[in-house]
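Participant: Attaching a single structure in structure tokens format; questions to follow.
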């Protein structure tokens, strides 16, 4: 057939121009080609030149993304224009199908217009990015021409009586409107930017964020196409393959999304609400109103997009119905179209009856629906994240101004605040995420039911009611699920507490051979947790089962009812498959409903808990609006620190020599009676003031009262004006403009609290504390606080992170760092609250002399020192003595000697006693040496482990130079091995059941739908036969009617089987998960408890605990559901592809490119998604710990006036967390949009292929319906498949980490002798022979004892001494085989201990460790966990340990509660309990490993007495901390560097002048 523009019919009226050229339809179309050709010719050269020059230029950063006026409107209009042009092309092709020759003019101009439309927007985008508006004149001319031509065509159509019934007339009218609007947009750009026809064009600068190269989150700035397809993310996601994503890569947040901006927005709404009434309306209603006003607009947009997307979702079923209906029509003849103006016209009804048109429409509807849906998700999530940032900032501001009494009185605990931040704000955020569902779901349900009714009549309503009836059941299951989750959490908490105790006391458990007792205790709690998890699994499987089974039940009910109700039983494929798709759509909102309702309830309760915690309900200080020209930091400095408490003024009346003066002060913590009464004191300027008094007399409270932390009932606190104005040259203190009542008048004060408070940062950061680093000053402070030896031990020196609350440091080290911070700050006033409490006498002296008397005095700083060390009183310039909350006296020491001679005498005797204590203290090993030694031991072994790792890494690098690429390859691969380990731990039976049930279930699903296709196709063919066969006369019509019974019964059986299998699979998945969880935890606990001590010394405790907490939780609760979702979506995808390929084999050709695209998309996405998920988790921890740190350190922060700095840090943490969340959201949308588009392509290919097969190869309509229904489902499942794959990968990390620990070698618990071969009472005598013993901590480390020989007779008391690191403790550990004895042997009572089973050996010896360890439980349990001893034995042990009287007074006696770590007893009492524990065991050998190191003199003398009397007949080996403790021993061993230096009685060694022992004792005098 030949081609011609106007067609080639001989009698063609197409070229007839008798009635004027413009009355010829073909000429009108030809005229319309002109503008498009013009645009293509003009713009192509400019585009090519532009692109060429741009590629040669350095890529300008996105600062050039400057949108012209009407930017979004232009994009929307262009998209609409392109869609209308596609319709015009389709209309032309369809109407051309009726004539013999091809009329190009019907669709060629539209095709050119389409090209021109695409070119116009590409051209516009390039001009916009290069910011050169003058070139837009080409578009102006184009819009004018296009508008004119279309208007002429439209006018001529109207003139010839062509009206709305003809589709082409409507399309032309629409095009006139669109071109007109685009012309208006173009004119608006001229008016806005004045680039032509005006003398002075407008200068416009890009937004400020874009000038900052650090902003990489570009969603708010890119054009509409890039916004909706997340095109700007391409580079970001592909680059994740080359290098991991971290905070540097993701950059900063745009200004509009920063926490500060959103906080200001929220505050403004709170303020506005308060203005009319003057006070804030109470309760959550007020909060909701403020939230709505601050964040409502984007949410409304999200809801609108969601509703649009949901309505477009119904196009799918309608198009399927239309296509199948069109195919199954027997008579495919369509009436001849009208011919006017020499060309054919068709109506829109005829147009929409064409199956191919419907296929294309379906494709576009899917694209649009998916784009709208993802845009709606994104808008809701972004709003939720912004809201979370604002509320967190608001809570933080409130904390900054909170009374310390709220904390100290337990009205608000740190845990509650963390809950507010972590849980309540997240629940409000989740509510915002799910909010669009609340509005869209009802609409979706109503429309769905109406359409079903239209298709199936009453039976549809019955089917829908099945879903509706089961929805409340679903809700009930969901509430049960959350309830069981809560109880599971409680059990998990209990198990973790026990595990934590077990890990902290693991050394003691091993030494006493109590591992199994504690393991069983953890296992018992785990058992309770598992039974709760079992309930959780049952409810989860019911929930999964209902999700899968309800649609089957609904479809079954509907079709059964439909066949029985309707007389002719009209069940065509069109109706059947359209309703099947509708049911699939309907089920989703009804299931989501339960989670949305639950989320709403949680959000409502969270919004109630916010005001009830008095956080948001009380007003904040006015806040200056952020100025976009200046960085946000300045604005923080203009916040008022706090105005909640009444403030203390500055008086001009204070004389120059007085720094602080309190007159008639009454102060209280709560509203009750005053804590401090009638306080009248003055603190002299530039002098050292000491505050002394008994414990609990209010010394610390006095300091806090002066700082304004306590509530002042009456009286005044005056600070000298000169102090207030004092600022050092280094410290910039914001002095806000405040009224005189404000507390901003006092200058900063360096305050070291009694309980040291540290940041989770390095030691340097803790000492300098936001101050510039001055090396000389820093070194002086470190020296004054004797911190250098401690720093030298740490692996990274002073760059070592101290962990949360300084977890890696001892009490004394924390205290000294806290004091060092106060010394380093350049404030004029220093408050030190009992800085010597955790320090020994030498350190106290050194700190007093170098730090306080030398450093602070030289700098003329005012020092207020609270202390119990009365020997320092002579150094004080001024003394304040307190008693029971009042001031007893104040003055210099001489004044007090005269005025209060009794008090002075009392002090004198105490001073004398403390000096004596100083003399008896040993010089060789102070408390801190000991701490250092512990630290060194831990760090040493940890370092050894590190060096091993480094060596491994180095060897890896040498093997493979391209190390990074190898790591990247590993990041890109899925951890199949971990997956295998997880599944295999569930056992072969469950695993095979799981696989079998899943495969069977999905095969049945396909069978059900296939049977439906066959059934409905037979209905149609039977009807056709009935009509065609002549012998079916109306009389015997009954015989010819189609019988549904056989088909219906098979269908029912298949459906019922399907429902049963749904139950089987959901139960199988959950049970597999449970079995795996049980097995993995059991294995892990056993491995850990039997692991050698070395594991605990080299692995941080936190990381082992994490395996038991987060990783176990992931395996318990998250992996099973992810696994179920993953297997379901994968199998659904596979079955859908198989069905489509079976229906139309041609589809396989298109499948290949689509599959390749999918593979690459998921490959890139998984890596980026995993990195972003980890980043989101890792940025949340610092945020939460910043909150808890701030709460604990409030007085210190406020004393230093550092609130602005801490607020600024909060903003950084919040923004870091929020940007990670936003990028993760954008990455998820990036994936989903791409997968949905691929899904739409699948639908298009499947539709076109099946329509063609049906028209030309007689494919049955039922199969066409089946293929299309499955194609529609594909895009959803592909999405879920990739998302679940990414989640699964992250979650399998937990299995991988646990497997790593499972590979730990256990200690060798077996011995050459069996338990029965060991004599019952062994060791009876306690004789010890050590022969040529060499010991090391690990095969890779050097020996710590070398060739040691010794002999201890039964009942001897042996003392071992030596400097730190001489091998004393290793000596004691060797008796218990806790270290590697690689040479020599220890023989106790003629048995070589290396031959004994480990459990037996350790259970027959006793040891008292240097750190007293008590477990939570009863006193009875702590003394005798094995429950072997009688009450009399326990009381006897307590009496020996001098604890009987203490325990007698406790409620419950032996069954009195011991809190975690024995916190309810003092350090000395704990050590005595350990002694009693050793006595209960009654073994003939006792080892005391520096047991008196951490206790006072009084307790030590008790211990010594007990050892001499109660243990008189036993062998005692004492490792000495104070040398005088072993002067009464029978034998002394002096060690040095792992060898025995001296070995004799103490008398003999003292007699020898040059013995090392003698020198030790001399030093001790």
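A Cβ is built for glycine as well, from the same backbone N, Cα and C atoms used for every other residue.
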Participant: Out of 479-501, 502-524, 571-593, 594-616, which range is noted as transmembrane segment by TrEMBL?
Facilitator: 571-593
Participant: TrEMBL tags one of 1139-1161, 1162-1184, 1185-1207, 1208-1230 as transmembrane segment - which one?
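Facilitator: Result: 1139-1161 is the stretch TrEMBL calls transmembrane segment.
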Participant: Give me the stretch from 660-909, 993-1289, 1328-1562 with the greatest number of Cβ pairs under 8 Å to the domain 'ABC transmembrane type-1' (300-602).
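Facilitator: If we count Cβ pairs closer than 8 Å to the domain 'ABC transmembrane type-1' (300-602), 993-1289 scores highest.
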Participant: Find the average pLDDT over the domain 'ABC transporter' (660-909) in the predicted model and report it.
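Facilitator: So the average pLDDT across the domain 'ABC transporter' (660-909) works out to 79.
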Participant: Under an 8 Å Cβ to Cβ limit, what residues of the same chain, 6 or more beyond the ends of the transmembrane segment (33-52), are close to it?
Facilitator: 108-109, 112-113, 115-116, 119-120, 122-123, 126, 130, 135, 138-139, 141-142, 145-146, 149
Participant: Give residue numbers and ranges for long-range contacts of the transmembrane segment (73-94): same chain, 6 or more residues beyond its ends, CB-CB under 8 A.
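Facilitator: Those are 103, 106-107, 110-111, 113-114, 117-118, 120-121, 124, 167-168, 171, 174-175, 178-179, 181-182, 185, 223-225, 346, 350-351, 354, 357, 360, 364, in sequence order.
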